[in-house]
Amino acid sequence: MVDSQYVLPNDVGLALLDCSEAFRLLLRSERLYAHYLSRACWYGGLVVLLQTSPEAPAIYVLLSRLFRAQDPDQLGELARSTGLTDQEYQAFLVYAAGVFSNMGNYKSFGDTKFVPNLPKDKLRQLIWQSQAFQEQPEEMKSLWDRCGELMFSLDRQQRQLGLREKGTTTYFSGNCCLEDAQLAQKFLDSQNISAYNTRLFKEKDKAGQTCYEVRLASVLGTDAPVDHELAPKLRSFEFEGSTFRVTRGDYAPLLERVVENLKRTKTHAANTNQEHMLEHYIRSFSQGSIAAHKEGSRCWIRDKGPIVESYIGFIESYRDPYGSRGEFEGFVAVVNKAMSAKFAQLVESAEQLLLELPWPRAFEKDTFLTPDFTSLDVLTFAGSGIPAGINIPNYDDIRQTEGFKNVSLGNVLSVAYATQKDKLTFLAEEDKDLYIKWKGPSFEVQVGLHELLGHGSGKLFVQEEKGTCNFDREAVINPETGELIQSWYHGGETWDSKFSTIASSYEECRAECVGLYLCLNKDVLRIFELEGEDAEDVIYINWLNMVRAGLLGLEFYTPETGTWRQAHMQARFVILRVLLEAGEGLVSLQHTTGADGKPDALITLDRNKILPVGKPAIKRFLRRLQVLKSTADVAGGRALYGGFSAVTDEGPERFLSLRDTVLLRKEARKMFVQANTRLEGEDVTLVQYEGTAAGLIRSFSERFPEDAELLERHLLELSDADAHFWASQG
């Protein structure tokens, strides 16, 4: 039996991401804009396979070929005739759906590997009997030889994403360790090169000297004509005893499809902001230029209140073990006007609410740049997973001076967080009905505050290369020490580059704390039409949900390596620790025995102590987080955050033992089945699928009708070209 944390259960939740009503209300030009933009996103999403594991592209191609030749129902009939039980075939369908949904064989939320939950010889037999094998026996055998072993392997290093002995990653060659990542970051900072669209490959030259290749993602190769911005950077550099060679052309054939579709999108743009945004994106993906992507992001921020909203590029750095390289993602969504009106009211109140945050005015941005905040129904979300809310762009320099946008993904929220009472773990019976009733509304409030006033608040103190500062060095006092501030960011340094491995989780924790703190404000709750007892219940459930999530977070901690695999869940565990430390009976956590005789746990929150005990505790902690972030105090930030992130078996909580209980009773994360758009004459139609593993597989089988085989060939060629960088790891 395989450990349950490395398989997806047969009854995993699957849900259709329904956007039919929103799509129906679009004008023809908006549907065409959404269609071509969706195509660009789906092509780009395939890049994630190459960013995840050495075997992911071959697994994807193998599954893609199987199901293009035979629909899941047809393959199911064959499976039964070759001796697979219904449970075994369902396990295979769930595995395939998991690979398509996560764009690889590692969970996008938690970064652990998942393997097929059926015997390897039975899966091999099914493949050998399949229509795809009959049509291309040599190719299918070759694919199995490439990925069959690794598909099932749970060797220590392959159980989770990580650097060198801590796991698997394809952001770095297999011989790179943390020191290599740190040296590369210093080099990138010295040349003012962003890590977002790069990968790092380390080799020895003929003289035995270490040589690093920093490869930028682009359509054009290193030899093609270079624009003036990149020209001085695409060459070799000597840096601290090593050679760094900056090249480009990573994922070129896939990005070529992205660019082709962005060009088509441009002809249906609604305004000049959208046109200019797309022009910059095209240049960014063609040349490998993050500067161009930043320009595109500036145009995107200026495109206020579009009917069809989107973002595309190398965005989130959660899955880079070092925390600075971006995973490709792209989304297209349609505005939900009713919910967006509530968020617009929240934006109107934002400047007033910022004054309530527990840090001095000097630690807040000089001016609040009023952002767009919309509720969206997702049409397309390509990448490794779908969040509930987003605050972008992630570029510090743009966020500090030009602003950002917030989006809440309404149709994701409505299905992702629906909970059945019998699956609700670790809560007292008397809390469960209230929790089910108010979890959705409370999460809506939390997402709104988290994105807008969490990620949208706080200033970074920066001294530019010319010496000018964005703060008064002679006047700004550190409220934690009572002295003038002693540290800040220097030109070229960013939050991600300074705080690296803890940056993502620390920032999520800060944003979650802002949500908890400000949800206590009755004016905020009124915006969401919550008053009286309802408002009190929403506050209680929001706080209860956070401490329960902190306990559930233990699933995402790896004791063997002492590492956390998911930024948000680490953040929620830290908050649980802060509230437990506040004492006075605010939060109680007990080891219990369940009705089934197995270990269980019970977490309770005293709702009468949220204001007198919980609020001051979050206030103190939130201020410390912000001050350390603003002043670039990496040592202080690591000490604080690392201390609260520690998982030990010391009493009274005994978190390591609780982790076993959490794993025993965990519920798998839902997967989403997304629609396809199809050109029919001069218009676009929406094709939706059933919310099952088979439906998810069908959606992918029909996603690339014109060029699936060519894409598969590109993926294998790209994977082959770099395979030697991980050969010794297998």
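The backbone N, Cα and C atoms fix where each Cβ goes, and this holds for glycine too.
TrEMBL annotations: computationally assigned, not manually curated.
The Zn(2+) binding site annotation in TrEMBL covers His450, His455, Glu508. Shown in sequence order, Gly389, Ala511, Glu512, Val514, Gly515 are the residues of the chain, 6+ apart in sequence, with a C-beta less than 8 angstroms from the C-beta of His450 (Zn(2+) binding site).
According to TrEMBL, the active site annotation covers Glu451.
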The one of Glu451, Glu508 whose CB sees the fewest other CB atoms within 10 Å, among these recorded positions: Glu508
Output field, Zn(2+) shell: CB within 8 Å of site CB centroid, site His450, His455, Glu508 dropped: Asn391, Glu451, Gly454, Glu507, Arg510, Ala511, Glu512, Val514, Gly515
Residues satisfying Cβ distance under 8 Å from His455 (Zn(2+) binding site), sequence separation of at least 6: Asn391, Phe404, Asn406, Glu507, Ala511
Inter-residue C-alpha distance, Glu508 (Zn(2+) binding site) and Glu451 (active site) (nearest angstrom): 10
